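In TrEMBL this protein carries:
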- A:23-44: transmembrane segment (TRANSMEM)
- A:81-107: transmembrane segment (TRANSMEM)
- A:82-271: domain 'ABC transmembrane type-1' (DOMAIN)
- A:119-141: transmembrane segment (TRANSMEM)
- A:147-167: transmembrane segment (TRANSMEM)
- A:204-227: transmembrane segment (TRANSMEM)
- A:247-269: transmembrane segment (TRANSMEM)
Amino acid sequence: MPRSNYDYPGYERSGTTYWTKTTLLYAGVIGGALLWSLPFWWMLATSVTANPSAASITLLPSNPTLDHYEALFSTQPIGKWFFNTIVFAGSVTAFNLIFDSLAGYALAKVDFIGREKFFLLFMSTMMIPAMVTLIPVYVFLAKLGWVNTYQGLVAPMIANPIGIFLLRQHFKGMPSALGDAAKIDGCNELQTFYKVYLPLAKPALATLGIYTFIMTWNNFQWPLIIASDDSMYTLPVALFSVRNQFFTEWGLVMAAAAIIVMPVILVFLSAQRYFIRGMTLSGVKG
Amino acid sequence: MADTTLTDVKKRFESDGNDVVAVDELSLDIEDGEFLVLVGPSGCGKSTTLRLIAGLETISDGEIKIGDDVVNDVKPKDRDIAMVFQNYALYPQRTVRGNMSFGLKMSTDLPDEKITERVEDAAELLSITDLLDRRPKALSGGQQQRVALGRAIVRDPELFLMDEPLSNLDAKLRTQMRTELQELHQQLGAATVYVTHDQTEAMTMGDRIAVLDDGQLQQIGTPMECYYEPANQFVAGFIGSPSMNFIEGVFVDGLIHLDLFRYPLTDEQRAAIESEDSNSVTVGIRPEDIELTDEDGPRTVEMDVNVVEPMGSMNLLHLERSGVEITASVTGEHIVDESDCVRVRFPADRIHAFDRQTGAAVFNRERSADRPPGILSREEVPSHGR
């Protein structure tokens, strides 16, 4: 049994109770893991099944094939959609890291009149449902002529109150004496930020970056609204159009779905340590 | 090198819509090469004063001069100062070398070789050469302390500012570092302003100490002046450990009527009190100045021993009579029990008196100019002596 809260002096690692608890624990963990990974496996299995049907679930295809992937790449502008999604998720992530960290730093460490009120103002925007601002934002961007453009896709998401809150809390936990020392050493406010505090915020920045990337990659609603033709579609929106067009072609749909989720899964798996640590440190729930 | 002067410096903070005065019309003159200690209880404004000198806070009123220049609006980096912080404030992501060279890189045009040379010289001075490539988290508290000092030293400033730099160290290391800091100060020769709440540090390290309370300067003087000739009751109570005993009384007919007894004064003491407007006084006497005696007399009183605190070299006796509680420090060899009643004498030349309304000293104890036995004259010093 792994080290846990049960692992204290006097705890017996033998006997019926211990083995029953251990067996139940492992059974629960393995069962949960299987349950959560089953849809992904099903998606992958269906995408390589020759003639899948919505009526039956095939978990182990007898003759695996990549036909659906080939069909998808030959009939749909997958490359363009993939590029759009990369631009969308990458830009939003980069802008969030820049603006959220600047705002978080200012709200945590820079002394200015009304700082706490500004913070409350930022936080209060979290209480407004995204649906409410959807139309005004669209109208605003339409007036700028940004509908069906990359800037229109990215602009409404360049900063995020959750990210600002996360980084503000992180900066607030760092000693102010570091900033004082930096100022005596000759740094101005901006240099204090990026030479002293920002490198110390790497775990929080990693968490925010991964979180933002995943959320933006999977974002369906905003790209659907701002993109008026398939040249500006991102993968989740494109998946929707693939399903509409080929609603009986489950193999094609699942191949597209696999292409969408793979980068996200890879990003998460490669940085899950930072992600989980950042989430538990900040108390922000995903 | 030149003096640093604070003239009527005031610092107001706004807290919940109210103005809080942290430093109130403080005037100080820090002489070139001097080690000045700012001491006082928590919240007295000593750290704020240091931050005002450093330029980390803006002053609300008054003037700060470093040398001949008024620096009220000068940035910290341009004030020719270096500061050592209570928690060291070392940059965790940089090595010791990086920490020490950062200030020079940011604020000077020195070539890299010159910076390296200065960092290595400072490291050698502090015996931290072997730590130069480590990061702060790999250092002990004492080593971090040295690095923080090194970071200050490499800048070769006109004024060192130290904000309780020893308070995070254990007692033994603190004593060691205290001596090292003094030696370092003598070697470097730059003026130092040192903030502490620890009066032992203040007494042992400072050429002069400035005692602050509630943002106001209570007294500035040598440690001995503050100890023997406190300007007021606050300084008398703050400097010295255990602190001075205070007993309230009224001056009538040449005697001070205390709750314990009627205390006769000397002619000089009487004249000092008579020149005051009020006859309400507080008598002060340090625990070490109270004597145990067999002889009854006008300045003796019998008191019950409540608690005995054996300290080794001395015993602290907590005495009580008629609701008045005082502490006496007697030699540790004396065996005193908690059920004992003792006769104590308040020697005439050891007592202080303070105006009860203003707290200002009316008179202080006499200070002997005699030197102790055992000091040899120049002619008597044997050849191996010096």
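For all residues, glycine too, the Cβ spot is worked out from N, Cα and C.
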(message) Which sequence-distant residues neighbour the transmembrane segment (A:23-44)? Criterion: at least 6 residues beyond either end, Cβ under 8 Å.
(response) 1, 57, 59, 254, 257-258, 261, 265
(request) Residue list, the transmembrane segment (A:81-107) vs rest of chain: Cβ under 8 Å, 6 or more residues beyond ends. (result) 115, 118-119, 122, 150, 153-154, 157-160, 163-171, 193, 197-198, 201, 205, 208-209, 212-213, 216-217, 219, 223, 227, 230, 232-236, 238, 259-260
(message) Let me spell it out: take the transmembrane segment (A:247-269), skip the flanking residues so only those 6+ beyond its ends count, and list any with a Cβ under 8 Å from a Cβ in it.
(response) 40, 43-44, 46-54, 67-69, 71-72, 76, 78, 82, 85, 210, 213-214, 217-218, 235-236, 238-239, 275
